[in-house]
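Annotated features, as they stand in Swiss-Prot:
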- Asp61: active site, proton acceptor (ACT_SITE)
- Asp61, Gly62, Asn138, Asp139, Lys149, Lys166, Asp168, Thr179, Gly180, Tyr181, Ser182, Phe183, Ser184: NAD(+) binding site (BINDING)
Amino acid sequence: MKSKALLCINTLKSGAGILGDDIKVYLETKHFVEVVLIDVSKPLLSFPRENFLFLITLGGDGTVLLAVNLLLENKNVDIPIISINMGKVGFLADIKIEDFKKVIDRFFKNSLVINKKFLLHVTVYKHGKDLISRYALNDIIIRSSLLNKMIHVDLKVNSENFLSYKSDGIIVSTPTGSTGYSFSAGGPILEAELEGFLLTPISPHSVYNRSFVFSKLSKLSLSFSKEYFIAPASIFLDGINFGSFGVDVVFEFEISSQSLNFVSFCTDTFVKRLKNKLL
């Protein structure tokens, strides 16, 4: 049976379609691999039920997150991910376009480094019943469903009361996602290998206006303060809205034992990458 690879492209990126065709031809002619193509900028009717050798993403970090969401939805987390950057920053998509042939060739020679990126898990409860149980690679955001309205939430750490936040929202982020929205909201950048996660309030109106970093053993619980509840809040996982919830729900966060396998081709140090991409 012929081996297969999954190619996820974002055709909204200029040149993505042409480069996708080049990658497809290269895989099929040199490595005799059949390519299944998905355009993540369009609605997907069904996910292909195949055993893929690897996944290639072609776009920016947003394309990677959309492709990862497809893998998580279909419980296909073991597949190696080759992320080719056609965006600007490219923390997740860090392989240069001109290197795609080298990366593919080295994959078949088993001479590439695989970096494991762990996932953040959230469970949404209401009266003890699970409403949502999902994973995110970058971050999970809770904010008011109404424009210009704040949320009031109470935070527990390992079932112990800790803080109350009055803010525009709350970001819970992995180290991988710490360079994204959390960083823009004033949070710290964590090295991707750090085994922990962080919570950052968005525009807080409280004394506690700093981020907190927690170990992988910690479990966080957020609930709405009934006294100050104004409107339902929406939850976003890696930028995707998974619904709005009212006063009686509890959001529980923890680091998952599951991880994703990202192919690494970058030899730059963590510090050098930050300087090149952020400064």
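Heads up, the Cβ atoms here are built off N, Cα and C, so glycines get one too.
Sequence features, as recorded in Swiss-Prot, placed on the structure.
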| residue | record | CB count, 10 Å |
| --- | --- | --- |
| Asp61 | active site, proton acceptor | 23 |
| Asn138 | NAD(+) binding site | 27 |
| Lys149 | NAD(+) binding site | 13 |
| Asp168 | NAD(+) binding site | 16 |
| Gly180 | NAD(+) binding site | 23 |
| Ser182 | NAD(+) binding site | 26 |
| Ser184 | NAD(+) binding site | 11 |
Using only the Cα atoms of Asp61, Gly62, Asn138, Asp139, Lys149, Lys166, Asp168, Thr179, Gly180, Tyr181, Ser182, Phe183, Ser184, which the record gives as binding NAD(+), return the largest interatomic distance in Å, rounded to a whole number. 30
To the nearest whole angstrom, state the Cα distance for the pair Gly180 (NAD(+) binding site) and Asp61 (active site, proton acceptor). 10
